[in-house]
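Asker: Attaching a single structure in structure tokens format; questions to follow.
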Amino acid sequence: MKKLTSLFPLLFLIPLLASCAEEKQVYIVYFGEHKGDKAFHEIEEHHHSYLQSVKESEEDARASLLYSYKHSINGFAAELTPDQASKLEKLAEVVSVFKSHPRKYEAHTTRSWEFVGLEEEETDSDVPRRKNDADDRFRVGRNFLKKAKHGDGIIVGVLDSGVWPESKSFNDKGMGPVPKSWKGICQTGVAFNSSHCNRKIIGARYYVKGYERYYGAFNATANKDFLSPRDPDGHGSHTASTAVGRRVLGASALGGFAKGSASGGAPLARLAIYKACWAKPNAEKVEGNICLEEDMLAAIDDAIADGVHVISISIGTTEPFPFTQDGIAMGALHAVKRNIVVAASAGNSGPKPGTLSNLAPWIITVGASTLDRAFVGGLVLGNGYTIKTDSITAFKMDKFAPLVYASNVVVPGIALNETSQCLPNSLKPELVSGKVVLCLRGAGSRIGKGMEVKRAGGAGMILGNIAANGNEVPSDSHFVPTAGVTPTVVDKILEYIKTDKNPKAFIKPGKTVYKYQAAPSMTGFSSRGPNVVDPNILKPDITAPGLYILAAWSGADSPSKMSVDQRVAGYNIYSGTSMSCPHVAGAIALLKAIHPKWSSAAIRSALMTTAWMTNDKKKPIQDTTGLPANPFALGSGHFRPTKAADPGLVYDASYRAYLLYGCSVNITNIDPTFKCPSKIPPGYNHNYPSIAVPNLKKTVTVKRTVTNVGTGNSTSTYLFSVKPPSGISVKAIPNILSFNRIGQKQRFKIVIKPLKNQVMNATEKGQYQFGWFSWTDKVHVVRSPIAVSLA
């Protein structure tokens, strides 16, 4: 009995010990808008009071605080236990509490601006045209850029991995004084001082508190990074120069690929750098960056206060989150309230449906499409079989070499399902030396496979897609001559190796080829709709070039992003929606310069309703299947900045309109001055330039309002036309809109109903059907996509 009694104190302590041992993590406590006009110290003390309510002492509360967001965003980031976070979430004024995590966000990793019609002319005449000028439909010459003053006066904030300030893309030669509206700073740090800012890079900051809380005090050796705004990676410099880089003659990637003039979309716009992404500690840079939510929110809060006009974010969540659990979404809403336009990448998880990032209707979500430029090499087998391949490898073969399949030349002990993958230390040098190796994609990085072939003494590599990769063949700066091939070609090569006694191969070097293929087409990697957070909002919004984009690079990183690679390049070719997003950000800067009073929603509308749905061959833009791409792939289409400057009509939306929309997705208490109505309008009635109606059972009436922004004669009449989704009736009431002044608004309804005589099979039920409608006068075509699924 005595022994049993002695256990009671221990039993009593177990829950207490468990509570003490409960792991602390970083949470963001979000309050929405600030109430009243409080000083910064008052706001921080208010945040401390909430922390103290769940902490054991004032010292503990202050030590746990990482950030107090004081400018536009009202909230804080702090170390909390799950129990403490749960208690805070129940308190008054708290909108949401959400956990940060290193794997919650990821970065979404020239000819491009010439292709869309924004190249800077070298002379005062548009003729003679240069050999590789883009099709007239994608070309505009000087007038549009001159009207926009090349973006001068507009400040673009880029939230990424920093900047390499020595790049020619960021020189300030001939630029005027820094805009008086600028309120930011040039934050100094390792290898970065105030002299690295200039009249081009007018501000730079870095945010590392969240990163250090997870990984410990910053260690330059382990982190392979700079504790400053300097970019160790290349991703940030690439995106920044794509948006607003200066024109640089004779730029090219390693090996001379894509040689020509490199320029951002708005080359005279000013650049503000917000470094919130950091190299993974003790890892190769090719594995990507870490972008912590609490650091990004601090960056957005500062960007708003600094006075940027545009924010470009080539980062997104790795899985969908409700808007109030997504720091980028919430930060962007506060930016939009200040009429800052936010463009963000759609993600690189395509072509699987429902994989999009950055789904909030106040964000311009950008997918990735192709250019008309390719890097074409060749593969010749000993039996005469020849095929063109994609290649940006600078290395060359002098003659045919024996050809082997990786599975036949591995060391003992490699797992059966990995023998074909050319993983590190898997190949047997005595069987590989001097030979071309067929390696298959799957596990391991593409660059790493080439490294392994080189380590084993191989003469070259054929990198074969597996079925899951489809027919989209990537190009990388490999360490050996390399040819990328499709699954069909892989089968032919394997058959040749199997049946020929002395198989051999020759890899031809790649070269830059223009007008190689119909463009644009959709990339396979670009994430696809539908919008899984709110299917009433059609996403993505638009698409822009994101494949094989040439732009500035970091002097601290090789083109392959591997530490053993000592090659250095001032410019690099990179792919991803990370690359398409800054294209749109650059276009936004130009539109802001021409129309400084336009709202963020008006600029989105102008870009979307003027986008192309056809390629340079005047055929529908294709998906990777070879079929016409639908709005879940390309949104409203491929962007046309010059047309967007004069869209005719726009679908505008105020900050309060976004708050009203928020009521439909259970965001009810962000702004203390706004209350949701008793009857909440459905999400599809938000005044968006596209329409999505999921699970249609009966007639649905969608409401929209357009504003006349036409130039010249203010009197105009627009007629309605429609191509309805299959099995759906779409009508407009009224079907004629007349305007007699600029700024005039007109309301209309779109009546959508299923056709009674439409017989659906089982596969059609629940599947989306697509169409479009437009308003047309004698000058403008204002086009909107439609996506409807039948219940």
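Using the three backbone atoms N, Cα and C, a Cβ is placed for every residue, glycine included.
In case it's useful when we look at the structure, here is the feature table from Swiss-Prot:
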type     : residues : note
SIGNAL   : 1-20     : signal peptide
DOMAIN   : 26-104   : domain 'Inhibitor I9'
DOMAIN   : 134-645  : domain 'Peptidase S8'
ACT_SITE : Asp160   : active site, charge relay system
CARBOHYD : Asn193   : N-linked glycosylation site
CARBOHYD : Asn219   : N-linked glycosylation site
ACT_SITE : His235   : active site, charge relay system
DOMAIN   : 400-494  : domain 'PA'
CARBOHYD : Asn417   : N-linked glycosylation site
ACT_SITE : Ser578   : active site, charge relay system
CARBOHYD : Asn666   : N-linked glycosylation site
CARBOHYD : Asn713   : N-linked glycosylation site
CARBOHYD : Asn761   : N-linked glycosylation site
Asker: What's the most sparsely packed of the glycosylation sites Asn193, Asn219, Asn417, counting other C-beta atoms within 10 A?
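Answerer: Counting other Cβ atoms within 10 Å of each of the glycosylation sites Asn193, Asn219, Asn417, the minimum falls on Asn417.
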Asker: Going by C-alpha distance, which of the recorded positions Asp160, Asn193, His235, Asn417 is nearest to Asn666 (N-linked glycosylation site)?
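Answerer: Closest candidate to Asn666 (N-linked glycosylation site), judged by Cα separation, is Asp160.
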Asker: Between C-alpha atoms, which of these active-site residues comes nearest to Asn193 (N-linked glycosylation site): Asp160, His235, Ser578?
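Answerer: For Asn193 (N-linked glycosylation site), the spatially nearest of the active-site residues is Asp160.
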Asker: Taking the Cα atoms as reference points, how far is Asn219 (N-linked glycosylation site) from Ser578 (active site, charge relay system) in Å?
Answerer: 27
Asker: Among Ser578, Asn666, the recorded positions in question, whose Cβ has the most other Cβ atoms within 10 Å in this structure?
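Answerer: Answer returned by the neighbour count: Ser578.
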Asker: His235 (active site, charge relay system) to Ser578 (active site, charge relay system): how many Å between their Cα atoms?
Answerer: 8
Asker: To the nearest Å, how far is the Cα of Asp160 (active site, charge relay system) from the Cα of Asn417 (N-linked glycosylation site)?
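Answerer: So the Cα of Asn417 (N-linked glycosylation site) lies 37 Å away from that of Asp160 (active site, charge relay system).
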Asker: In the domain 'PA' (400-494), how many residues does DSSP put in helix, strand and coil?
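Answerer: DSSP composition of the domain 'PA' (400-494): 31 helix, 21 strand, 43 coil.
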Asker: With DSSP as the yardstick, break the domain 'Inhibitor I9' (26-104) down into helix, strand and coil residue counts.
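Answerer: The counts are 28 helix, 23 strand, 28 coil.
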Asker: Sorry to bug you, but what's the C-alpha spacing from Ser578 (active site, charge relay system) to Asn417 (N-linked glycosylation site), rounded to the closest Å?
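Answerer: Taking the Cα atoms only, Asn417 (N-linked glycosylation site) lies 32 Å from Ser578 (active site, charge relay system).
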Asker: Give me the count of other Cβ atoms within 10 A of the Cβ belonging to Asp160 (active site, charge relay system).
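Answerer: Here the count is 29.
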Asker: What is the number of other Cβ atoms found within 10 Å of the Cβ of His235 (active site, charge relay system)?
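Answerer: I count 30 other Cβ atoms within 10 Å of it.
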